[in-house]
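J.: Pasting a structure here, questions to come.
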């Protein structure tokens, strides 16, 4: 289907917006009136720019507070029709009336809309009537269809907007009652499920399909079943997208539509972590945690350190320690890269020597490199390393990896991990940091667990970390406390006073500085190393079917990390 | 009354918080459990630090999900009582139960609370029971009082929290039904009037009294009438305050309590603007707008430029043009400064030569200097300038002054202008800037109109400006267009196409680039100069009783200002 987007969905001037929208591969745009009014170019020039960029102008919007008013005002509409002719737009969105002066009179509304459609027809223009969720009398899409059907004019149809329909809990199956050719336009927006005033929700918190909590695939299936053949158009009011780079937002928007349409290349979700790659010379830390150097890359200054199925690729550079890449186990790496590419993820060029294994990588929104690997495959990436024998088996595998995401790009990151990698978003959590609230969301699937944390603007400890699963965390903790004092993050005694008031726990937790959590499925033990550069390690052990990440203890970690930062 | 504050209301570690709270002059604190758990100091040391700072520990909180559970659990309470003994706290807050396991059984709740109070009494501790607005069965303060009265234990009373009571629309007059000595504690928080989930509203949007929309003075009058004699304590969860400097937030908190108590020095609100003081050598611009240099300061490099009752103090420095000070007409400047001082506003030292007029100044939260003047008084500040004759009379006076406020300090600024200067907040408005939403709020009183705009983080045009009232704006605009092309901000033709579709307006507005707005009281014409440094001027003319500031046109101004900024 053709793809379109409202100019209000991205930042900048109207010209910036059109260029970014075209660059992302959209076919058309909805021109939001406000963007035209503040634009120094005449409508004819906007029309020419859009045409030069290969964009059609699919809709001009919004025209407000028209139908069922005490006095019919066609003068204002005439002006807009003339403007639309100059702009080359032939479809006008009319929102249901919100004025306290409007009458709750369907016959009058239909009569006014019929007259408007007749006048529009003289200009070759059609009218798409939309029920706003907060319309004064008309706020349900079936009500707007009832009025449009009564008005019975070929130049009058409905505009369906997923936000206005799903935000008020209306069942979209009723869309199938509307003939496809009377659905003149389709606007799509997702939103997180918030309990708040619907107008504020709409104006600030809409997001692209797949970033929120609405069932957009289900919604679209009803629109398709009705026989709609027009464009899929995104209309998103979002405080973050207003502030982010228009080209990046437009690409993210296009990715959401490709995923929604279901036309991306298919690929299975990753089944776990192949490796974590870190800079900054973390050998001593890896060694203390029981990792053994098991290989050296044939051509690059990279060492492989292993323990159980946990693998670290350590660069020997003097840069600040940081997590730069993640290897994911993929049953078919080629398909995974094709899917990523079809969803507009940047595929990274990779220089390799002739004999080295082919490794496909893409860039995540925060710049982290994601590699798709099949470790067990003969001739796989491990062949690049000269093998050695692993020693300790305290750590069994990488349990999860946590990455900090800039606040304005959190929605983009969620969509990336959800659609490109096939992970499912879990509940969004908030916890207190001494200097702000931290938002956190786990993305899981197969054997892969990622945690995305919002990075605050204010100075705060880095939240990049690799969590290592342990077979016997207490044994490892005992060894680390004995052999490497200062390696583990100290935990305040007050934490244990509170913990012991709530639960009967092993007193050794206090001695070892091990944290404890439980959920309805099981229990969780964990501890943290001190931070090196921008990275730290977490050691975890899950008991029973514990599903979480010890988020209840995150405020303790953050407070201790803050107190250890140099002022 | 004694003044207290919950540690959760300010940022930082527990020690940071205690120091900031003491520095602001509070008598006591509520220790929020989370702050103790994350603190590396043992409770005895926290107790000592607080005592050294002159702070009593008035409350330990919260103790959750206790009453009317299927099994009575006194073990957890015992642990907390022992902790409180170490901490030196003798009052525990128990919130009404939110657990799905809790029974809706008042008799059982009363029985459990009576047993808890009995156990507390053994430790010399009292229990304050609070109805959370989202309590599972107990969510109204009268319901909590009913249970406390039924439990009938001397160590059990209620805790009243203005947010929990006012957010659910309960009438606080019922507080007078509770004997004062059974109100064990009083927590105060204001909040903007938002239609949203009450838990989210409480956790993110509480603010200090006078910063929101609740009637806190009325609430407090009922608590006093009931005979409460304990402390006034602030408990505020606010996303901004979590990120701002704790000392600044604590001072703001104390200011709010002094204002609420009504013990600040009384002073009349300012009746208008005496002057605006600007750096950056704006003589040419002032001259173009029709101002005449009417005086030169006797000892400072400052010139007085006048037109009608509008006065500009222009510094001849080469610094970037900026608004540095505002003179307000005050019927009694000495009282105004005393009020500001009693509300903890910083009074600025001022060096003056022997014969110069005494001018009292304070600093606004954003650093702007505020002077209190009585211009008409013999020997007033104008005596410092050698007089000359004013020429043009196009401008009559300063209509309003707009200042940009950092987003995290907007609430502080509102409280300052409301309480220190006696201005009343008007409706909060939002409008689109090409790179974000701009929030704006007018503060008015007497003849004084200030506009506070939230400054975005992203690059955006400066929003410091001085709006000058004109006797005949069109005449002045004609002269400026003819004599000073390039001085006025150009307005897109598309703006006029839209304006003319909505209203029948004088075609000369388009020729002159004058903007138009109307409200139910009257009409408004305005235009802007280009920006110099960080400042621009607005020229305005009000017709009828127009109350606004042309906010509907602000997006057009912002878009044009953006397009003129160097990339």
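For all residues, glycine too, the Cβ spot is worked out from N, Cα and C.
Annotations per TrEMBL:
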- B:130, B:161, B:187, B:235: divalent metal cation binding site (BINDING)
- B:400, B:465, B:538: Mg(2+) binding site (BINDING)
- B:397-530: domain 'VOC' (DOMAIN)
J.: Could you give the Cα-Cα distance between residue B:538 (Mg(2+) binding site) and residue B:235 (divalent metal cation binding site), in whole Å?
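T.: About 41 Å separate the Cα atoms of these two residues.
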J.: Out of B:161, B:235, B:400, B:465, B:538, which binding-site residues come under 8 Å of chain A, measuring Cβ to Cβ?
T.: none
J.: What does DSSP call residue B:538 (Mg(2+) binding site) in the simple three-state scheme?
T.: strand
J.: Which chain neighbours of the Mg(2+) site, leaving out B:400, B:465, B:538, have a Cβ atom within 8 Å of the mean position of the site's Cβ atoms?
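T.: Leaving out the recorded residues gives B:399, B:401, B:402, B:451, B:466, B:467, B:468, B:537, B:540, B:549.
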J.: What's the CA-CA gap between residue B:161 (divalent metal cation binding site) and residue B:465 (Mg(2+) binding site) in angstrom, rounded?
T.: 41
J.: Go ahead and report the DSSP secondary structure tallies for the domain 'VOC' (B:397-530): helix first, then strand, then coil.
T.: 40 helix, 58 strand, 36 coil
J.: Taking the centroid of the Cβ atoms of B:130, B:161, B:187, B:235 as the divalent metal cation site, which other residues of that chain lie with their Cβ within 8 Å of it, listed in sequence order?
T.: B:93, B:159, B:160, B:162, B:163, B:164, B:185, B:186, B:188, B:189, B:233
J.: Provide, as an integer number of angstrom, the distance between the C-alpha atoms of residue B:465 (Mg(2+) binding site) and residue B:235 (divalent metal cation binding site).
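T.: The separation of the Cα atoms works out to 36 Å.
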J.: To the nearest whole angstrom, what is the C-alpha distance linking residue B:187 (divalent metal cation binding site) and residue B:400 (Mg(2+) binding site)?
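T.: Distance between the two Cα atoms comes out at 37 Å.
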J.: In whole Å, how far does the CA atom of residue B:235 (divalent metal cation binding site) lie from that of residue B:400 (Mg(2+) binding site)?
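T.: On Cα coordinates alone, these residues lie 35 Å apart.
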J.: What is the interatomic distance between the Cα atoms of residue B:400 (Mg(2+) binding site) and residue B:130 (divalent metal cation binding site), given in whole Å?
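T.: It is 45 Å, counting Cα to Cα.
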J.: Reduced to three states, what secondary structure does DSSP give residue B:235 (divalent metal cation binding site)?
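T.: Reduced to three states, the DSSP call for residue B:235 (divalent metal cation binding site) is coil.
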J.: Ten-angstrom check, please: count other Cβ atoms within 10 Å of the Cβ of residue B:130 (divalent metal cation binding site), all chains counted.
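T.: The Cβ of residue B:130 (divalent metal cation binding site) has 22 Cβ neighbours within 10 Å.
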J.: Out of these binding-site residues, B:400, B:465, which one has the fewest other C-beta atoms within 10 Å of its own C-beta?
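T.: Taking B:400, B:465 as the binding-site residues, the minimal 10 Å Cβ count falls on B:400.
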J.: Of all the binding-site residues here, B:161, B:235, B:538, which one's CB has the most other CB atoms within 10 A?
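T.: Of B:161, B:235, B:538, the one with the most crowded Cβ is B:235.
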